[in-house]
Structure formats: C-alpha cells, structure tokens
Amino acid sequence: YYTPDYDTKDTDILAAFRMTPQPGVPPEEAGAAGAAESSTGTWTTVWTDGLTSLDRYKGRCHDIEPVAGEVNQYIAYVAYPLDLFEEGSVTNMFTSIVGNVFGFKALRALRLEDLRIPPAYSKTFIGPPHGIQVERDKLNKYGRPLLGCTIKPKLGLSAKNYGRAVYECLRGGLDFTKDDENVNSQPFMRWRDRFLFVAEALFKAQAETGEIKGHYLNATAGTCEEMLKRAIFARELGAPIVMHDYLTGGFTANTSLAFYCRDNGLLLHIHRAMHAVIDRQRNHGIHFRVLAKALRMSGGDHIHAGTVVGKLEGEREVTLGFVDLLRDDYIEKDRSRGIYFTQDWVSMPGVLPVASGGIHVWHMPALTEIFGDDSVLQFGGGTLGHPWGNAPGAVANRVALEACVQARNE
C-alpha cells in the first residue's frame, strides 16, 4: 500500500495525514498500514482478496514527508480511488477515511489535515441549499457583511422574554439574531412557543425598519423526524432561516435538512458545536478545514469559522485559508495557509463564514478587513452587553459596520 511511484488521478480523493508513528515503526510502514486500513486492507491476508482487483480499489500512500521542526512527525499523502465511496454521502466518506485508522496501534497520533475532493465526487452532493448570492437576493442586502447576535443568556429565558430580546436587536439594526446552539426544546422554553414569539418579533421589526430580518431558529432535535417537523413549522410561520448543529446532529441529518431547505426556500445556518473535540489537538483528530469542506458538501448557507480576534482559538492565515475554502470556487494549494491541495469546487455555491465568539464593536475594523463583505459578524455579548441595553447595542454595531464600509469605499 506504500507506492511512491503512483501518479494520482484527477478522480482520486486525496488526503494529507499528519502522523506520529510509535517509536521504532518506520513511517513508510505506518503510512501503508493507514492507507490499507482506511480502504481494502485488513490485518492479515484473506482468501477473498483473490476475488477482487485490489490494484483497482486500494488506497495508496504515495508520498511521505517529515514535518519541519517536529520530531518523528510526518505528513503522509494517501490517494483513494473514487469507487470506494458512496455518492452524495459525507457520512460514508468519513466512515471510510477516518473510521478505523485513528485507533491504530502502530500510530501514536494521527490527524487528518486536508482532503482534496475531486469534482467527480463533489458533483454528487447537494452543497449549500442556496449559497451566498441567492441569500443576498433573498435578503436584498449587498456590499457589506451581515450582522448577527446570539441571544443571551443562552438558557433560562421564557419564550416571551426571548422574543422581546430578538425584537430589540433586530429593531436596532441587526440583520439576524440566533438561537444559541444549546437551545433546542427545554422545559423552560418549548420550541413551538419560541418559534411563535420569535416570528412575531421578526415581523414587527421588519415592518418598522423596512428591512428583511431573520432569526436562526434552531431545528436540531433528538431525531431526524422531529428536526424536520421543526423546520416545517418554521417555514409555515414564514421564517427565512433555520439552524442546525451539524456535528452533534450528524451529517446524515444535516444533509436531509439541507434538501428540505433547498426545496422550501429556507436558508440554513450551521453551528459547529463539538468541533473543538475533533480539531483542537495539534497532532491528533481532524483539522477544521476538513470539517468545513464536509459541511459545504453536506449543505449549509452559513457556518461558524472562528474570529481571529475574539475569545476562541484561531490563527489568522489558517482561518483565512478555510474561509476561502468555504466561499471561493477555486482555491490554490498554499502550505503557508495549511492548504495541502488545490481544491476546485466547480460551480458549487459558497458558504458564508460566520465570525462569532467574544467579539465586540471595537473589533469591527479588523473584522471587516479580515473577512470582507461575504461574511456574517455575530456579536452576542457584544450587543446584549451594551450598558444601555440590547437595542442601543445593536445600533452601535450597525453604525460601526456602516462606518467601516463607508471608510473602505471612499
């Protein structure tokens, strides 16, 4: 399974793994074992190998390079033939590529750094339900980032007070407010009550400001059926957008919801709760840029992508790398930004990156410069923490944004 002379095909799915072999295990052996375990191999030779063409179906570790400045760490490049994967299933792709190999004895640690998805495969996915351009047309908002706000305290408000907070923020000038990812349907606020009060707030703010407003109604639930029930109710109320936690909810549920949203004209906001469990470690897990690519294939119109400046972790160049992977059609390989492969999305719509987490109005110049127009800037405490209240907090954010955009345009 270690084939250094292999030339990759345009249809191969390419993976870059950062591997730390156990002491005494040569990197070639570790790379080959990983390629085997995540494709056709098993721990021994079996009779039934003779009944198929392993040359056609096996994953190949075709290049290994040491990581600069690290002891006993290597980047292993593995190519997988397209036939190993079910079309249109992120779930199956991850089950194959990262399903078993991370528990391997020969490896002390393993991290999936990047994936190259060939157009032949990405074309089998729904992708974002609408994409950036359609969203701007639906909202009739152009030439500036969109503003959001997560309603806090995240848990404990009654539905009516929650609706009031939503109204104040939207009335003050925000484009969106957001259910916190933990808000599903708890005893103090059942989902249907929340949806009803929020819809009222939405239409009242819309009527008073003459702008289209949205609130990310969190449809995440314990079962797929319940999730779709909530999305359907949101659509019946006339809400423009719903929300889903794609890692805790799972890719299967997420893709089902994306299909529903596309068919019914709902935008889909994606929250990445649980991502740090998977991507925080430097040498083990899956890098967020892979999770971001997976989301673009599975379907979502917004996704949280770190801030570069707030309370949560994120390095600037690397963050910008996966922001481009979310928005652009064609992204060149660039190792300085952690992009191991050139990625061609052909015509798959883009996803709006959402900057959220510990940012406030003083960060606005930096945020508009870093993220550009196609983004959503979300201030939770940065709106509701205003000493004069929610609406003035929203006004402050909107004024700051307009000022930054005007300064840039002049």
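Positions of Cβ are set from backbone N, Cα and C atoms, glycine also.
According to Swiss-Prot, the feature substrate binding site maps to ASN100, THR150, LYS154, ARG272, HIS304, SER356, an assignment based on similarity to another entry. The feature active site, proton acceptor is assigned by Swiss-Prot to LYS152, HIS271. For LYS178, ASP180, GLU181, the entry in Swiss-Prot reads Mg(2+) binding site. Sequence annotations record features per position, and here Swiss-Prot assigns N6-carboxylysine to LYS178 based on sequence analysis. What Swiss-Prot lists as site 'Transition state stabilizer' is LYS311, and the listing cites similarity to another entry.
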Handout entry: binding-site residues: ASN100, THR150, SER356 - member with fewest neighbouring CB atoms within 10 Å
Key = ASN100
Practice task
Could you check the recorded positions LYS152, LYS154, LYS178 and say which one's CB has the fewest neighbouring CB atoms inside 10 Å?
Solution key: LYS154
Handout entry: Cα distance (Å, whole number) from HIS271 (active site, proton acceptor) to SER356 (substrate binding site)
Key = 10
Completion exercise
Cα-Cα, LYS152 (active site, proton acceptor) versus GLU181 (Mg(2+) binding site), nearest Å, comes out at 11
Completion exercise
Ordered by sequence, the long-range same-chain Cβ contacts of HIS304 (substrate binding site) under 8 Å (at least 6 apart) are ILE270, HIS271, ARG272, PRO353, VAL354, SER356, GLY357
Fill in the blank from the handout: For ASN100 (substrate binding site), the closest of the binding-site residues by C-alpha position, picking from LYS178, ASP180, GLU181, is GLU181
Exercise for the section: Just give me the nearest neighbour of LYS154 (substrate binding site) among the binding-site residues LYS178, ASP180, GLU181, Cα to Cα. Expected result: ASP180
Completion exercise
Expressed in angstrom and rounded to a whole number, the substrate site built from ASN100, THR150, LYS154, ARG272, HIS304, SER356 spans a maximum Cα-Cα distance of 37
Problem - For the Mg(2+) site built from LYS178, ASP180, GLU181, further residues of that chain with CB within 8 A of the site's CB center - result: THR150, ILE151, LYS154, ASP179, ASN182, VAL183, TYR216, ASN218, MET243, HIS271
Exercise for the section: Quick one: give me the count of other CB atoms within 10 A of the CB of ASP180 (Mg(2+) binding site). Expected result: 18
Exercise for the section: Please determine which of the recorded positions listed here (HIS271, ARG272) has the lowest count of neighbouring CB atoms within 10 Å. Expected result: ARG272
Completion exercise
Here the Cα-Cα span from LYS178 (Mg(2+) binding site) to THR150 (substrate binding site), rounded to a whole number of angstrom, reaches 5
